[in-house]
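Read through the structure below, which is laid out as structure tokens, and then see the notes.
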Amino acid sequence: MARLAAFDMDGTLLMPDHHLGRETIATLSRLRERDITLTFATGRHVLEMRHILGTLSLDAYLITGNGTRIHSLEGDVLHRQDLDPQVADTVMHHAWDTRASMHVFNDNGWFTGQEIPALLQAHVYSGFRYQVIDIKSIPAHQVTKICFCGDHDDLIRLRIQLNEALEERAHLCFSAVDCLEVLPLGGNKGSALAVLSNHLGLSLADCMAFGDAMNDREMLGSVGRGLIMGNAMPQLIAALPHLSVIGHCGNQAVSHFLTHWLDNPHLPYSPE
């Protein structure tokens, strides 16, 4: 039986309205009652995740910024990884040929260059929001990650530009169809989960994980049991064809799977 369960948030644990369902919350509590350690592994900021965690009355480790930070149950930093300052400087100051908006994250929050109210819809549960600022004024040595939000085809073209400019100095991945992330080299949820597992005296074989996007690829592919959401990016399903695909986040599929796993661990699972 798994001893550590890792959950992506958007498109996985959260429903399409960006809230946690009642069944999901109840199932997470059942896992804790079985002494299974929880960690939320997300691209969201730790400041936002602390607020969400506080509303749940659950003990959980936090892997945030797509693996750039790990926080303990008490809120202490267990692991931190920032973008190479030269990479951050290049990304923030270059005039990219794109219509996508740029978003910069550091320990102080989420920063962008203009008001984009539509992006706040994903954060209605917590009330977390961006700060509008001159991006070029942000110190490059304090950047955890940078992401671009926009049309997928535009982001694919931007990824080519970024790869040419950054070469092998950063990790690029899609955390959603409309979001391209620039992360520290070697920084991802999978490597962070390996650090956390080691801290807990566990191996990745002792973990199960759930996700839906390409920023979950390393995590899902490295654990003892990786589960892909039915609403996942097709690229993720294609990249990890050996993993089981469960139901849709809108149907609280993680809760559905875990309820079966807790109650009938020896019976085959069907998402229907």
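Heads up, residue numbers simply count up from 1 along the chain you see.
Backbone N, Cα and C define each Cβ position, glycine as well.
For the Mg(2+) site that Swiss-Prot gives as D8, D10, the extra residue drawn from D206, D212 is D212. The two recorded residues, D8 (active site, nucleophile) and D212 (Mg(2+) binding site), show a Cα separation of 8 Å. Sequence-distant neighbours of D212 (Mg(2+) binding site) (same chain, 6+ apart, CB under 8 A from its CB) are D8, D10, G11, T12, I228, M229, N231, A232, M233, L236, C249.
Taking the recorded positions D8, D10 in turn, the residue surrounded by the fewest other Cβ atoms inside 10 Å of its Cβ turns out to be D10.
Compute the center of the Cβ atoms of D8, D10, D212, which mark the site for Mg(2+); besides them, the chain residues with Cβ within 8 Å of that center are M9, G11, T12, L13, L14, T42, S175, A176, G211, A213, D216, M229, C249.
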